[in-house]
Structure formats: structure tokens, C-alpha cells
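To keep things clear, I will list the structure first and then write my remarks on it.
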Amino acid sequence: MEERGSPDGDPARNLEQGPEGSETPIQVVLRVRPMSTVELRRGEQSALHCSGTRTLQVSPDVAFRFGAVLDGARTQEDVFRACGVKRLGELALRGFSCTVFTFGQTGSGKTYTLTGPPPQGEGVPVPPSLAGIMQRTFTWLLDRVQHLDSPVTLRASYLEIYNEQVWDLLSLGSPRPLPVRWTKARGFYVEQLRVVEFGSLEALMELLQMGLSRRRSSSHTLNQASSRSHALLTLHISRPTSQQVPPVDLGEPPVGGKLCFVDLAGSEKVAATGSQGQLMLEANSINRSLLALGHCISLLLDPQRKQNHIPFRDSKLTKLLADSLGGRGVTLMVACVSPSAQCLPETLSTLRYASRAQRITTRPQGPKSPGVKPPQQVENELLRLQEENRHLRFQLDQMHTTAPGAHGARMAWAQRNLYGMLQEFMLENERLRKEMRQLRSSRDLARAEQRVLAQQVHDLERRLLSACPLPQQGSTPVCPCRMVPAASCHALPPLCYCHHFCPLCRVPLAHWTCPRRECHMPQVLEPEAPGHISQSVWPPPWAPPPSPGSAKPPRERSQSDWTQTRVLAEMLMGEEVVPSAPPLSAGPSNMPYGLRGGSGIPNLTPRLETLTQQINSSLHLSQRQPQPSEDTQSPGQGLSSC
């Protein structure tokens, strides 16, 4: 048979051992309500069987074990004694934080267990035999306070969590939702919550009845008085002593204990209860908060929960129960179930929930008074201060043995070193920025200079063409000479007399001399110059062609004309464009413009050299031309066959 849950004993005996400083498990008491009149009419039988005082039998194979198991025949007084609430009250008087909360399905008797049956009318008290845990605890607590030697201050607060909003059930003004805050000293608390001080049982009962009358409830198929909200009533107990001083921080709570009673709304299935509209929204909100509570309980059971994040902030309910579940308080859980077989799925869920909850352990902490310390703590603090004093004296002696000012000098040197490195980095950054600006400026100047040089080359070519007028169309026949396939159309001197021009730039094309005219063209041979290539005696390409009707040979140019042409060519080649800014220092100062300031135009220098060679070749040819005789054949007569 599978048996779940193994508590160490009943709550009363466990709490007698003293919870302070040790791990204390959450105590769970199970109560099975009796069969209702409707269930008896349907002929249902109980699906749960209590085997002794601590075991609940669900089936022959499944059983659950808790601190105490109470069947439907137990009275309210039996439940109060079995839960050990008196011991929780004693711990609250000693300054501990104690919590009692009920959990279970809707209609399982949670509110009845805590507060008894609802009042039959206004001013009609509940019979003493039917009073719940809260009324019995109030009666016992006030009687216990009267027999104490020191005065005790009692205060009460009452709130409900409805649709994830906190409402004050004791508020004197108009009801409004209150925020939940968190501080390191107090943990989670409700801001602006009214706390009422009382001194008698009658005053406390009036506060309880006021809260119960304001609490929201409704009816559905499973419960005629179903609570639609979670309710928390807290009793604050403070016992001032002669050594006690008020807290320094106004956010800190007063020194003392508290006793909190939590009546959770029951979990329900909308399909089973038939809830619609507002009831369905309330059921969803209730189930969502209970699901968050179950998730926190599951994470608290993890052995490595110190490394896990417990999501107490997922709902307002888990925020206010964070200290009771996983903090420094003592917690008692009363699980209420229904014996009906129709509610068996929800009953099993509640049993598993309670079985997991009783395995959660807390570390209760007693009251912390800022003016009073235990003797053991004072002795430990004294030993710690003595050890710290010896350590500081040893460090002081070590500082005296070293050179005076050495530590300060090292610190100053380190600071200066860091400051110097920072200054160097800043200067280097500024230098790089300036160099980048200079490079960009030089790049722009080089591009401008390249454009100027390209324009200069273009002007030189145009001026060269202007010195070589085109022959009139139809004046001379087409020359049948063969063109040399060169990469550049005007890169191979010397030129033939028949002028071929580039169709694009109109520059005379370089080609071999006409083979049909070689026999008729007069040549000047100089055998004394070996390796010398014979040149044509005809005028240069830029000379004007003879007119068709003229029989005279072209006029020979004088030496002064050729000198003037040479001077003109040197002037053309010597022109230089002065840039608006100094060029880049990328090469030597005597480097041609096409190579300064970075990459220039690739064909600029060869084109200039080609023009220079053409002009020099023509000038050289004209100087070596002999004086024409009268019997020499005129050039105009030799053009008849071309």
C-alpha cells in the first residue's frame, strides 16, 4: 500500500520542543467534513476512510499520512485541540510570527472550520459549540493576556484579496484597493492598511463580524455561501520591556509577534459549479492565485531551493504568505476535503497539495530588540572585535617597519603613470585625426591636379591638330597604305605624307610609309652614319597640303621658321600648372606631375612623351632636308599616282 506524507508527530508535541533557530516543518491537519443532506439524498457513500488518528485511506492501494486526521464526527472543539493553536498563541506572545490557513475545494468546510457557521442575522451570535478556530483562539488569548505580568498591546487588521486586489475590511472610508509594498525590514506588507487596537473580547468579535459582513460571497451549485475572496485577519502582539527602545527606522515594525488567520477561497471547476459572468471571472482569479501558491510550494520542496528563485511576486496571495511559507514563521495548515465520490478528483488534488506542503521547512526567528542582546551574542561580538583589533595592530606595525612614505609614493607614482598614459593616448588620438585630415586634403588636391593635367594634355593635342589642317575632301586620292595595328592610334612616328587622322580625336595616325610612293619620294642617304634610318624629305604631317592646281613645289621653310617651331614646341612642353596647395610629399620633388600625390592617370606620361617625340622628329627631319634643285621632281608631281 502506498502511503504518502510522514510527519514527525502531532503539532502540539512538535512545537513544545522550541522552534527558534531550527528547521520546523509546516504542520498539516486534515479534516473530512460530514456528508451533506443533498449527498445523503442522492444515496452517496463516503469515499474516504480514516485509519487511526493520522492516516486517511482513499483506496486499498493509496493512503495519506498527516499530523492529524479528523473525520466528520469530530466537533469544533476537537478540531481546535488537535490543531495545537494554543501553542501557536504562546509562540506569538513570545514574539514569533505564526500563521494558520485553511485550504481545500469549494464547499469543503474551510470557512466553517475557521469562523463557524455564518450568523443567522444581525446581532445574533454564533452558538459557542459551533464557534470556529478564530473565536476560540481569541477567547483563549485574551484570557492568557490577563494573567501575564507585563502589559500586552493587541491590534488587529482584516483584509481580503478579491480579483487580485487588496481591500481593507475594517476601513472607515470608502472602499478602495490598497498597494502591496516590500522593504528589507518588513518584507511584503499592505500600505495604508487600518490597524485597530483592542483590549477586550467583545471589541475583537465586533471587528471580526464587521469583516465577515463585508467579505464577498456568493452561491453556486456546490456551495450556497461560497467565499469569493481570500481573507487574512492578523493579530499584532507587542510586549514592551524595560530595556526596549523604539525602532530607529520608521519602516521597521514594532517589536513583537503576530498571529495570522488565512481563509483561502476554494478551488473550483467552472463546469462543475456552473459559474457564469462575474462568478466565472472570480473563479479564474481564485484558481490563478492558488496555482501560484502551489507553484511556490513545489519550488520550496526542492533540495536546492537556495539556488532557485521562488516566485512569490506572481500574486498578491503569495506575497503576503511568503514569510509564512518560506521565511521565519511557524505555519499550520488545515486541509479540508469532501467525502463525496463526485468530488474525488478535487479531493485527491487537495491531498497531494497538503502532502507536499508538510515537507516544507522554515526557520522561525524570535523577536529582535535593538536594545537587548543575548549574552552569547555579546560574547561572540566581543571576541570578533578583539580579533579585529589584533589584526589592525599587526598591520600598523608592518607599516612602521617599511620606509616612510613608500606606500604614498607608490600610489602617487601609479596615479601619475595612469595620468601620463591617458595624456599620451589623447595626444596620439589628436595626431591621428590631424593626419587623417591632411591625407584627405592631399587626396582632394591630387584629384584636382590630375584633372588639370588631363585638361592640359587635351589642350596640347588640340593645338597640335590646329597646326595640321585637314586636307580638303576630294583633293587627293585615298592612300592605299597599310595601317599598323597599334594600341594607340598616334603612338608610332614617323608619319607619312598622306595624312590619316583618328576618327575620334582627329590626331594624325602613325603608319608605315606608302610602299607605292617609296620609289618616287626623294630620300637623303647618309652612308657615313651606320644604322641610320632614312627619312622622307617631304614636309611634316602638319604642313599644309599642296593645292590641286598648283604645280609649284611647296615653299621651303627657312631656318628661322623651324627655330620658331622648336621654341613653340618647347613652350608647349614646358607649360606647368601651379596647384592651389602644395602637393603631397609622396615622392621626390623632381618627379613629374603625373607621378606626384598618389596614383595619376596611367596614360598621361606616355602621351606627353609621344607628342614630344613627334615634334622633335619633325624638327630634326626638316633640318636635314637638302636644298631642292630646279631639275628635281616637284612634290606636287609625285602625288599623281597616290
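Each Cβ is built from the backbone N, Cα and C atoms, and glycine gets one as well.
So that you can see what the record holds, here are the features copied from Swiss-Prot:
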- G104, Q105, T106, G107, S108, G109, K110, T111: ATP binding site (BINDING)
- 376-465: coiled coil (COILED)
- 1-13: compositional bias 'Basic and acidic residues' (COMPBIAS)
- 538-548: compositional bias 'Pro residues' (COMPBIAS)
- 610-642: compositional bias 'Polar residues' (COMPBIAS)
- 25-360: domain 'Kinesin motor' (DOMAIN)
- S6: phosphoserine (MOD_RES)
- S369: phosphoserine (MOD_RES)
- S634: phosphoserine (MOD_RES)
- 1-25: region 'Disordered' (REGION)
- 531-561: region 'Disordered' (REGION)
- 579-642: region 'Disordered' (REGION)
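Here the features listed in Swiss-Prot are painted onto the structure.
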| residue | record | Cβ contacts under 8 Å, 6 or more apart |
| --- | --- | --- |
| G104 | ATP binding site | K110, G266, S267, A335, C336, V337, S338, T350 |
| Q105 | ATP binding site | G266, S267, E268, C336, V337, S338, C343, E346, T347, S349, T350 |
| T106 | ATP binding site | H220, L222, N223, S226, A265, G266, S267, E268, T273 |
| G107 | ATP binding site | L222, N223, S226, G266, S338, C343 |
| S108 | ATP binding site | R33, G266, C336, V337, S338, C343, T350 |
| G109 | ATP binding site | R31, R33, C336 |
| T111 | ATP binding site | T102, A225, S227, D263 |
Which number gives the other C-beta atoms within 10 angstroms of the C-beta of K110 (ATP binding site), all protein chains shown included?
25
Local confidence of the coiled coil (376-465) - pLDDT mean:
82
Using an 8 Å cut-off from the Cβ centroid of G104, Q105, T106, G107, S108, G109, K110, T111, can you name the remaining same-chain residues around the ATP site, in sequence order?
R33, T102, N223, G266, C336, S338
In three-state DSSP terms, the structure that G109 (ATP binding site) belongs to:
coil
